[in-house]
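J.: Before anything else, here's the structure in question.
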Amino acid sequence: MWYNNSAGPFLLTGFLGSEAVHYRISMSFFVIYFSVLFGNGTLLVLIWNDHSLHEPMYYFLAMLADTDLGMTFTTMPTVLGVLLLDQREIAHAACFTQSFIHSLAIVESGILLVLAYDCFIAIRTPLRYNCILTNSRVMNIGLGVLMRGFMSILPIILSLYCYPYCGSRALLHTFCLHQDVIKLACADITFNHIYPIIQTSLTVFLDALIIIFSYILILKTVMGIASGQEEAKSLNTCVSHISCVLVFHITVMGLSFIHRFGKHAPHVVPITMSYVHFLFPPFVNPIIYSIKTKQIQRSIIRLFSGQSRA
C-alpha cells in the first residue's frame with residue numbers, strides 16, 4: 001500500500017517542555033554548525049590548493065570532510081528551523097529524503113575503513129604505496145563507498161513510502177530518523193526492524209572489525225622496526241585516524257543502544273544522543289587531523305600567512 005498523500009505532514013518535536021530556552025539551544029547549535037562548516041571547508045580548501053596534499057590519504061580526508069558536511073547540511077537547517085522559527089511540519093517525501101541522506105553515516109564508516117587501508121599500505125609496503133593507490137583506484141574506491149552507503153539504505157527508505165501512517169504525527173527529534181518514523185506506521189514493520197540490524201552488522205560493525213584487524217597487522221609491522229623513533233613516527237601517522245574511528249563508532253553504538261534498549265529512558269536522552277552522533281564527528285574530525293598531521297599544519301600556516309603553496 002502506498003502511503004496516504006492526504007495524511008498531514010509529520011511534526012518535528014525535539015526538546016518539548018524547554019521552549020523557553022530554545023533560543024539558547026539554537027545559538028549553541030549555530031556555533032557548532034559554523035564550526036563544522038569552517039573546519040571541514042578549510043580542510044577541503046587546503047587539499048584543493050596545496051599540491052603537497054595531492055596524495056591518496058588526503059583525497060580520502062577530503063571525502064570524509066564532504067561526508068561530514070553532507071550530514072550537517074541535511075540535519076542542521078531543519079533543527080534550527082524548529083528551534084528558532086517553530087517550523088515543525090515536514091512533508092512525508094522531505095522526511096524520507098532526509099532519512100535517505102543520513103546513509104552518509106554508512107559512507108563515513110566506509111571512508112574510515114579506507115583510511116585504515118591507506119595506513120596499512122603506507123606502513124606495510126611503503127615502496128609500493130603510489131603503485132597500489134593510484135588516482136583512478138582512489139576514485140573507484142570513493143565511488144564504491146558512496147554506492148554501498150546509498151544502496152544499503154535504499155530498501156528501508158522505499159519501504160517507508162509503502163506504509164500507511166496514522167495516529168500521532170509527532171516525531172521525537174527535530175529531524176527525521178528512520179527509527180522515529182517507523183513507529184508511526186500502521187502496518188507490519190518486521191522488515192524495518194530486522195533489515196537495519198543486518199545492514200548495520202554488514203557495514204558499520206564489519207568495517208570496525210576489519211579496522212581492528214588491520215591495526216593488529218600494522219602494530220606487528222611497527223614492532224618489527226628497529227628504531228624506537230621510527231616506531232613512533234609510523235604510529236603517529238595513524239593516531240589521528242584511530243581517534244576519528246573511536247569518535248564515530250562510539251557515537252554509533254551509543255545511538256543504536258539507546259534506540260534498541262532505552263525505551264524507558266528520559267525523553268531528552270535519545271534526542272541528545274542523536275545530536276552527538278550527527279554533529280560531534282563532523283565537529284572534531286578536522287580538529288583531530290589538524291592537530292596530529294604535520295603536513296596539514298604546514299598547509300594551514302601557508303594558507304593564513306599568504307605564503308606560496310607547495
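Easy rule for this one: first residue shown is 1, then count along the chain.
Note that Cβ sites are derived from N, Cα and C of the backbone, with glycine treated the same way.
As annotated by Swiss-Prot, disulfide bond applies to Cys95-Cys186. Summarising the annotation, Swiss-Prot assigns N-linked glycosylation site to Asn4. The topological domain 'Extracellular' annotation in Swiss-Prot covers 1-23, 74-97, 158-193, 256-270, and the record cites sequence analysis as its basis. Residues or ranges marked as topological domain 'Cytoplasmic' by Swiss-Prot: 45-52, 118-136, 215-234, 292-310. For 24-44, 53-73, 98-117, 137-157, 194-214, 235-255, 271-291, the entry in Swiss-Prot reads transmembrane segment, with the evidence type sequence analysis.
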J.: Which one of the disulfide-bonded residues (Cys95, Cys186) has its C-beta surrounded by the most other C-beta atoms within 10 angstroms?
T.: Cys95
J.: How do the residues of the topological domain 'Extracellular' (74-97) split into helix, strand and coil according to DSSP?
T.: 18 helix, 2 strand, 4 coil
J.: Any chance you could find the range in 53-73, 98-117, 137-157 with the most Cβ pairs under 8 Å to the transmembrane segment (194-214)?
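T.: Ranked by Cβ pairs under 8 Å, first place goes to 98-117.
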J.: Taking helix as H, G and I and strand as E and B in DSSP, count the residues of the topological domain 'Extracellular' (158-193) in helix, strand and coil.
T.: 16 helix, 4 strand, 16 coil
J.: Within this structure, do the transmembrane segment (98-117) and the transmembrane segment (137-157) have 3 or more Cβ pairs under 8 angstroms, counting pairs 6 or more apart in sequence?
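T.: By the criterion, they touch.
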